Structures are given as C-alpha cells and as structure tokens.
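Trainee: Dropping the structure in here first, questions after.
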Amino acid sequence: MSVGTLLNGLLVSIVAALLWKYSKLSEHAALLEEELHMTRQSQELSQAHIDYHVALQALQEHGTRMVCTGKMHTDRICRFDYLCYCSEAEEFVFFHSNSSVMLPNLGSRRFQPALLDLSSVEDHNTQYFNFLELPAATLRFMPKPVFVPDVTLILNRFNPDNLMHVFHDDLLPAFYTMKQFLDSDEDARLVFMEGWEEGPHFELYRLLSNKQPLLKEQLRNFGKLMCFTKSYIGLSKMTTWYQYGFVQPQGPKANILVSGNEIRHFAKVLMEKMNITRAAGGEKDQGNAEDEKPKDEYIVVFSRSTTRLILNEAELIMALAQEFQMRVVTVSLEEQSFPSIVQVISGASMLVSMHGAQLITSLFLPPGAVVVELYPFAVNPDQYTPYRTLASLPGMDLHYIPWRNTEEENTVTHPDRPWEQGGIAHLEKEEQEQIMASKDVPRHLCCRNPEWLFRIYQDTLVDIPSFLEVLQEGVKAKPLLKKSKLSSTLHPGRVRDPQCQTSVQTSNEAKLTVSWQIPWNLKYLKVREVKYEVWIQEQGENTYMPYILPQQNYTFSDNIKPFTTYLVWVRCIFNKNLLGPFADVLMCRT
C-alpha cells in the first residue's frame, strides 16, 4: 500500500469523525434549542422557574404518580405528579414507569363508571374524569412536552352562565378544595376542562387565585403535550346544599355538611378581593331589641329585564317603602357590575326578588336580614328551595319568606318563545292545552320539563295586598337576632375520670354508683345549661336504660341486680342539644 493511499484513508477517517462529531454537536445544539424553546413555552404559562431538562428526566424516569382520597368516584379527589394532557386526543395521559404510583389501584374498576367527578355535581355522566395509560418509554416518539410548573386544580365548571351554579357548584367547592389540599391556594392555577368559553361571570373565578385560569381550548396553544408537574383533580362536595333533580325531584341534599359560618367566611373573602366593605348598617347588633333601628336601613329589590318580570315593579317598590318606612333600592345584573350589587346587598335589611339565580347573592346579606322570594303562578315554593335552604343553614341567620302568585289572571305567559325560555308551540296541541290548564306544576326531574319551563318563565303582576299580608305575617315570625356567642355552638368534650362502685344489699337488691369529672373544655366556657346522659346496659342484653342527670354522680338501684355485670356510658350535653362524645365504657360488676 502506498503512502498516498494510506494518507487518503486516514484523511477520510478524520473527516468522517469530524462530520460525525459535528452532527452530534448539531443534534445536541438542536436538542438544547428545543429544550430552551419548551422552557420558554412553559414559562409563558407561569412566572415560576422550571429546569426543563430536570422535569423531562423526572417524567421519563419516574413517570406519573397518583394518590387519591375517598372511597368512591363521587367523593374522590386525586393528587397527580406529572400527569399529562394530549390536546390532539383531548385525553389525559398517565405515563407508567417502574417508579409510578397509582393509589387506589382500581384496574378496570376505574371505568365503573369513572375515577372521579370533575365537578361538585354528584355522579353526573357528563362530569366523569379518567385518563389513558402509556409506558413512559413512548415519550421518545411523542412531541416534546410543555411543563406547567404551577400547582393546578383541574375541574369542570357545571354551568358558568348561571350565577347560582357559579357559586354553588364551582366557586364555593373550589375555594374550600384549595383550602384543604393546596399549600398556597392563592398561587394555584385553575384549569377548567368542561370546554365552555369564559362566560359572563369569569371575573368571579379570577378572584380565587392570583393566576389567570386556563380554559380547555387554551391548552392546545401551548403544545400538543402538556404535563402538570403537580395537580389536584376533582372538587370537594362538602359545601353544596342542593341537588338539581337528576335522579329524584330537586331539593335540599340529604346530608348537608356545610353551615352558614363557612358560607359567610367565603363571602367575606370574596368581598375583600372585590375591595368591598360592608355597607353602613350592614352588621346590625340587635341585642335583645329590634325597635332601635340602625341609621340607614333599606330594602333591595332585584329587577329583571328580559324574563320572569315583575310587571308592576314600581308599584311594588312604593308599597314596600310605605309599609316599612324604608328606602328601597333596585339592582340589576343586566345593568350593574357584580361588585356594585354586592356592595348594596351587603348592607340591606331585606332582599326581594323573583325566583332566579340572582338570589344566590343573598349569601352576602348581613345577619338578621330578610329574604323574600316571589314565585310565578302554578309554581309551588315548597318544591324549588335552593335559596330557602341557604337561608336556613345554621349560622346564616337569614329570615326567609316565600310569596306565590295564586291568581291566574295576574300572569303573562309566553307560549311562542323558544322551548328553553318556556315556549310550548313546538308541542302537540293536546299537550299545550294540558299545560295551559294546569294550576300546579307536578314534581319532575331536571331539566327540560315543558310545563315547568312554561310556568317559571311567566311574567307576574304582583297582587300587592296579598304580598304585603304575607310579608307582615313573615316579619312577625322573624326571630330576634341576638349577638351569637361562639360558646353557644361548641360541643362538650368527653367527661373525665368516669368510675363506678357497686354494693349488694340483699340477695335481690344492689346499687350502682357512677361518678365522673366535667369535660376539660367546660372550665373555659360559659354554658347556660349542663347535663349528663348515662346509659346502663346489662351485659348480654340488647337494650339499655338512659338517664339525664344534672349532677356528676348518681346511685342507681332500680332494676340493678346482684352479681351482674353492667356496661355504663357517660356523656355531657350543653344546652339540651349539643352532645359530647361518650367516655370509654365502664364495666361494673355488682
């Protein structure tokens, strides 16, 4: 082999090596450039810094991780690390690696019917959440992910066009879910996955966080694959008090877990975020007398401009002013900003409104205020009670009065409107006549009952004498609002040091003495009435004997037998109905 050939071969090898190295450097540079681009995209979403390479490595090596609370899909909320969303498929993706965690690991039960509810409306088949599964290795064949470094709460808004649904289904549940699960709730980002546009009340959702909420449609703008570094999915249902009639006719929930205290705390926070201070006279400390009026008591009337009108609104306003000798103010969702309406309502003594979503603003009323709800002809106030239920929650301290139009000649119907506004022209003539002749809408399921829609969208000429009569009777029945003491709602702790002593008197007589010390927290409370409940059960029997006692010891002799073992439980009761827990059971042998 000649020297020239050898040098040529060597030169080719060197050039090939250089080209290979250059291609690798170019590939690495392209990768770095892509990572930089993806980092920029991630940072477009958030001010939080993210190390893209570290985040990508974590996803590839550890995959997605999930830990949930709750036993059923209806009460489950899940925390995810590195859950991803593919905007192309419109699906969430769980990437599996050897380090992935999935608790609960339900297998196919995850589809019976879903992992969880995305909204606070229980078990609604349009609100189910689930995800697809892929091995983490498939990330190599997918578009580079954009990472969302914020802690996110992912949910569905149920009906963002309706103010009642906005508060009851979305804002309250999201507010307390964030309190429960998120470390810094004001810095969390809300992600709405139901697919709706912003809607008329989007500013209210913005109040929950310092960060702009994201809509489902916006996610595709940030890339084909988005990965949430830390997210919570689902909403707590503990703050909801009403069910809308999907399974049974609408009404209060069977097991209400929220009180007025939580509602009022939420309202206070929202007012602060809207820069609203409660109007003068709003917090009325009435003490034991109601005749001493604050400087500026006034009544608020909600005015509607399109449907469900009060046809003689001006006459109604004059009658209220004369009857109660108060100023009457009108507010309108169509004409005023929401904060300005809340400012007015927060100081009102009475809120008067036709049935409708605007009555959810009653949660901003001061304690002691009156809520007056008007119902159109043939609509039974006892069957549609979201605002009555709200007003009656313990701690809301609102007095609720319903009025119903009972005169058919005082109603104006709209049979030719679209069906969703109560029109019935699309129905068979026989069904139209049946609806027109009906005097009372029968109980029904949600959501398209034509008779209900026909009647609820009527306009009403309010019969002033009957309206004032109902109001007078209702106001008479209004309880005095006393300044509530926190101690009046607190429960006793367990009685301390319970003991029993026994003695046998004769072959068929015995005595059982039970004693105990007061609950530890009682020494710090001023309680009007303290009593104790004692249960005595003969061992082996199913029944027990209950006793209510004012003192801390008592000797029982009736029905106490010698040489018998008795089980004894003791608990404290404040003010007749605030029950404490039972102390550990005593086993007492005579």
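From the backbone N, Cα and C atoms, a Cβ is placed for every residue, glycine too.
If you look up Swiss-Prot, you'll see 1-4 marked as topological domain 'Cytoplasmic', on the strength of sequence analysis. If you look up Swiss-Prot, you'll see 5-25 marked as transmembrane segment, on the strength of sequence analysis. What Swiss-Prot lists as topological domain 'Lumenal' is 26-590. Annotated N-linked glycosylation site per Swiss-Prot: Asn98, Asn275, Asn553, in sequence order. The domain 'Fibronectin type-III' annotation in Swiss-Prot covers 494-590.
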Trainee: Cβ distance under 8 Å to Asn98 (N-linked glycosylation site), same chain, sequence separation 6 or more: which residues?
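Mentor: Counting only residues 6 or more apart in sequence, the Cβ neighbours of Asn98 (N-linked glycosylation site) under 8 Å are Gly63.
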Trainee: Summarise the model confidence on the domain 'Fibronectin type-III' (494-590) as a single mean pLDDT, whole number.
Mentor: 95
Trainee: Three states by DSSP: which one describes Asn98 (N-linked glycosylation site)?
Mentor: coil
Trainee: Output the one of Asn275, Asn553 that, of all these glycosylation sites, has the highest number of other Cβ atoms within 10 Å of its Cβ.
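Mentor: Selected residue: Asn553.
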Trainee: Quick check for the class: what is the C-alpha distance, in angstrom and rounded, between Asn553 (N-linked glycosylation site) and Asn275 (N-linked glycosylation site)?
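Mentor: Computed Cα spacing between Asn553 (N-linked glycosylation site) and Asn275 (N-linked glycosylation site) is 56 Å.
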Trainee: Tell me whether Asn553 (N-linked glycosylation site) sits in a helix, a strand or coil according to DSSP.
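Mentor: Once the DSSP labels are grouped into three classes, Asn553 (N-linked glycosylation site) ends up as strand.
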Trainee: In the domain 'Fibronectin type-III' (494-590), how many residues does DSSP call helix, how many strand, and how many coil?
Mentor: 5 helix, 54 strand, 38 coil
